[in-house]
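The structure under discussion appears below in the form of structure tokens.
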Amino acid sequence: MRKQVAIFTDGSCLGNPGPGGYGAILRYKQHEKTFSAGYRLTTNNRMELMAAIVALEALTDACEVVLSTDSQYVRQGITQWIHNWKKRGWKTAYKKPVKNVDLWQRLDAAIQPHTLRWDWVKGHSGHPENERCDELARTAACHPALEDIGYRVEAQTSGGRAD
């Protein structure tokens with residue numbers, strides 16, 4: 001039987017684009033690990049994606065994962081939009097490059113060993129783990145130390161509709 005793991009995530013950006021950070025909590029039974037990092041120039045969506053990626057990449061075994069996020073962009077992207085993006089060679093319905101493709105591809109790879117359920121939680125509504133992740137993300141955004149190389153590349157391309 002696979003380990004049952006809960007992951008909670010959030011991203012933050014002080015300005016969009018601007019300094020940003022992510023926060024994640026990984027919980028297995030009574031054990032918890034937190035993750036956070038800050039980037040000098042990024043977007044809120046990139047930080048939401050990074051939170052999920054980092055937590056999933058920390059898992060060393062195939063697990064049953066319930067991942068809770070307040071980002072509809074992440075939840076819908078990974079459960080709905082990604083299928084057509086891949087069929088179209090990572091292009092939107094308008095034949096534009098998918099924004100944040102580097103992170104979508106990384107997230108897609110990170111979920112492969114696992115069975116996932118994606119839960120949406122309303123942000124800033126008192127959900128304890130979401131509030132903790134928000135605090136981790138905001139603190140990291142206030143002390144950015146990393147360069148978001150993918151954002152710099154992404155900034156040179158135009159977006160389009162998400163699907």
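Glycine is treated like the rest: Cβ placed from N, Cα and C.
Annotated features in Swiss-Prot:
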DOMAIN    1-142  domain 'RNase H type-1'
BINDING   Asp10, Glu48, Asp70  Mg(2+) 1 binding site
BINDING   Asp10, Asp134  Mg(2+) 2 binding site
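Within its own chain, Asp134 (Mg(2+) 2 binding site) has Asp10, Ser12, Gly23, Gly123, His124 as residues 6 or more apart in sequence whose C-beta sits under 8 angstroms from its own.
Candidate binding-site residues: Asp10, Glu48, Asp70. Fewest other C-beta atoms within 10 angstroms, Asp70.
Note: the Mg(2+) 1 site is recorded as Asp10, Glu48, Asp70; in the same chain, Thr9, Gly11, Ser12, Met47, Ala51, Thr69, Ser71, Val74, Gly123, Asn130, Cys133, Asp134, Ala137 also have Cβ atoms within 8 Å of that site's Cβ centroid. The DSSP secondary structure for Asp10 (Mg(2+) 1 binding site) is strand. Per-residue pLDDT, averaged over the domain 'RNase H type-1' (1-142), rounds to 97. Mapped onto DSSP helix, strand and coil, the domain 'RNase H type-1' (1-142) counts 56 helix, 49 strand, 37 coil.
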